[in-house]
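Student: Here's a structure for you.
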Amino acid sequence: MSALIWLRSDLRADWHSPLNYAIEQHDSVTAVYIVTPQQWRHYGLAQAKTDLILARLAELKKRLKDRNVYLNIVKEPDYTSSVKRIAIECQKHNINNVYVNAEYEWDERQRDKALKLALQDQGIQCGVFHDTCLVRPDAIFNQQNKPYKVFTPYFKAWLAELERQNMTPLSANSQASQTQTLDEEVELDSLSDWYWSRRDSKRWPACDKGLTEKARAFVSERAADYASNRDIPIKEGTSELSPYLSIGAISPARLYHQLSIEARQSLEQRNGGEYEWLRELAWRDFYRYVMFHFPHVCKHRCFQSQYDEFPWETDKKAFEAWCEGRTGYPVVDAAMRCLNQTGWMHNRLRMIVSSFLCKHLRLPWRWGEDYFMSRLIDGDFASNNGGWQWSASVGTDAAPYFRIFNPTTQGERYDKQGRFIRSWVPELESVPDKHLHQPSAWQGFSDVDYPAPIVDHKATVAETKRRFQDFLASH
Ligand SMILES: Cc1cc2nc3c(=O)[nH]c(=O)nc-3n(C[C@H](O)[C@H](O)[C@H](O)COP(=O)(O)OP(=O)(O)OC[C@H]3O[C@@H](n4cnc5c(N)ncnc54)[C@H](O)[C@@H]3O)c2cc1C
């Protein structure tokens, strides 16, 4: 009996239920990854992210070989042709079962429905596993048996479910007896020349060794201080594991398992840095949960549907200034330049710049969402969409519209000495520390080659609140 594992956003050879199950149940186990350039372009995936995927695939080939599973890397334009390709390969290679890890985005769910149907026609079973989240989205509901819409009660139920699951590690030692190669495999090296796969993910190790060490170092050495360090961009206060979680190079179950061994007390007492960090993994699950139960958020719509009609501005020049880091607000500009050059932005900065786009410039949150996706190495539909809808006050559990970050005081608070700003905005070199967060107020500003604030904070915040109030009054 032969099995095929279709890998998508689960690019690992350990903590992988479909893989373990297939090895246990089948004589022959083969893996496939389908590179889908058209689909990637349609989603506007960042070059840094696609580069990380390709680097990871090279590593994964070796790790799967250790388990005697051949990873075939093939190319198809999009999801529709991918489904057809899987069905054809199954027929050609006498595959009896296909196994996948579920993905919860709308398009991906439609793809998998089509897959099941296509395989059914050929008498092939499709087994779906749920390793992407710690708690699968259909596992918890409120007392009315409805999906949660607010994080805090969701988190309570999520924790209870997590404890109930009593997670045990999945062995990564078992090996398949046989494996197969499919036709028309593509060479990874030939893919790296595509325009969207510039080699700029080097800062992020794609090998298991580097990744394991990164996760270990955070959980053992830094997670305890997470609560106090997590908001300071210049510190190594967060795990920086999101790029790996987004492509599934590391499993959330493995991180939880590590935490539950090394930080048992913090988890049991429900306080401390490690517990706070677990809460962030719950946010990751929560945004997948929202997407699963309220799929309209996958269709460019607000969770709170009334805001679909909110009259956002359309000033393209202001948007360009935001994208390029030329708003005249140092912390916003430093963050955007960091994103543009590295594909990475710290969470506190994501909150500041997204609030600035939606509440200071009153530009559509979807513009920001798309721009982030096109730049972020950890671009992840659910977390990105959830983060943007939160900032725009249109999502589930969103920040209320009148809570608007002041970019100057945020900078003063979270980049006190201005080290982050100075490393990304060299034009401000001559500005004294005292004026760094508001350089236009310095008397020597006219000699500095840096823009004056694109909008006046006080005036624009007042206008935003008025617009939201008027909008809500009329809806
Ligand atoms: C506007 C906006 C856009 C965002 N876009 C993305 C995105 O495309 N991809 C992405 O992974 N995260 C996104 N986030 C969430 C968050 O900023 C990142 O997950 C975090 O900065 C990653 O850094 P880390 O791995 O060091 O996180 P840590 O603080 O170490 O947290 C551990 C993990 O928990 C998850 N997590 C942490 N915070 C959040 C959160 N607020 N929402 C959901 N999951 C979270 C991530 O998987 C993260 O790796 C966005 C947030 C905002 C405000």
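Using N, Cα and C of the backbone, Cβ positions are placed for all residues, glycine too.
In TrEMBL, annotation is done automatically, which means it is predicted and not curated.
When I checked TrEMBL for this same protein, it listed these features:
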| type | residues | note |
| --- | --- | --- |
| DOMAIN | 1-134 | domain 'Photolyase/cryptochrome alpha/beta' |
| BINDING | Tyr226, 238-242, Trp277, 280-287, 378-380 | FAD binding site |
| SITE | Trp312 | site 'Electron transfer via tryptophanyl radical' |
| SITE | Trp365 | site 'Electron transfer via tryptophanyl radical' |
| SITE | Trp388 | site 'Electron transfer via tryptophanyl radical' |
Student: Using Ala282 (FAD binding site) as the reference point, find which of the recorded sites Trp312, Trp365, Trp388 has the shortest Cα-to-Cα distance to it.
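Tutor: Answer for the nearest of the recorded sites: Trp388.
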Student: Select, from Tyr226, Glu240, Trp365, Trp388, each of the recorded positions with a Cβ positioned under 6 A from at least one atom of ligand 1; if none does, say none.
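Tutor: The recorded positions passing the 6 Å Cβ test are Glu240, Trp388.
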Student: How far is it from Trp312 (site 'Electron transfer via tryptophanyl radical') to Asp378 (FAD binding site), counting Cα to Cα, in Å?
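Tutor: Rounded to the nearest whole number, the Cα-Cα distance is 27 Å.
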Student: Restricting to the domain 'Photolyase/cryptochrome alpha/beta' (1-134), what is the model's mean pLDDT?
Tutor: 95
Student: Any idea what DSSP makes of Tyr226 (FAD binding site), helix, strand or coil?
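Tutor: The residue in question, Tyr226 (FAD binding site), is helix (DSSP, three-state).
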Student: If you run through the domain 'Photolyase/cryptochrome alpha/beta' (1-134) with DSSP, how many residues end up as helix, strand and coil?
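Tutor: With helix first, then strand, then coil, the domain 'Photolyase/cryptochrome alpha/beta' (1-134) has 66 helix, 30 strand, 38 coil.
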Student: Tell me, how many other CB atoms lie within 10 A of the CB of Glu240 (FAD binding site), whichever protein chain they belong to?
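Tutor: Its Cβ shell of radius 10 Å holds 16 other Cβ atoms.
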Student: Does DSSP put Trp388 (site 'Electron transfer via tryptophanyl radical') in a helix, in a strand, or in coil?
Tutor: helix
Student: Which chain-mates of Trp277 (FAD binding site) that are at least 6 residues away have a CB under 8 A from its CB, listed by sequence?
Tutor: Ala223, Tyr226, Ser239, Leu259
Student: Looking at the recorded positions Glu240, Asp285, Asp378, Trp388, whose Cα is closest in space to that of Trp365 (site 'Electron transfer via tryptophanyl radical')?
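Tutor: Result: the closest of the recorded positions to Trp365 (site 'Electron transfer via tryptophanyl radical') is Trp388.
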Student: At 10 angstroms around each C-beta, which of the recorded positions Tyr226, Trp312, Trp365, Trp388 has the fewest other C-beta atoms nearby?
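Tutor: Result for the recorded positions Tyr226, Trp312, Trp365, Trp388: minimum number of other Cβ atoms within 10 Å at Trp312.
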Student: Helix, strand or coil: which one is Ala282 (FAD binding site) in, per DSSP?
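Tutor: Looking at the DSSP assignment, Ala282 (FAD binding site) belongs to a helix.
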Student: Identify, in sequence order, the residues in the chain of Asp378 (FAD binding site) that are 6 or more apart from it along the sequence and have a CB within less than 8 Å of its CB; answer 'none' if there are none.
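Tutor: Those within reach of Asp378 (FAD binding site), by Cβ under 8 Å and sequence separation of 6 or more, are Lys49, Ser242, Pro243, Leu245, Ser246, Trp344.
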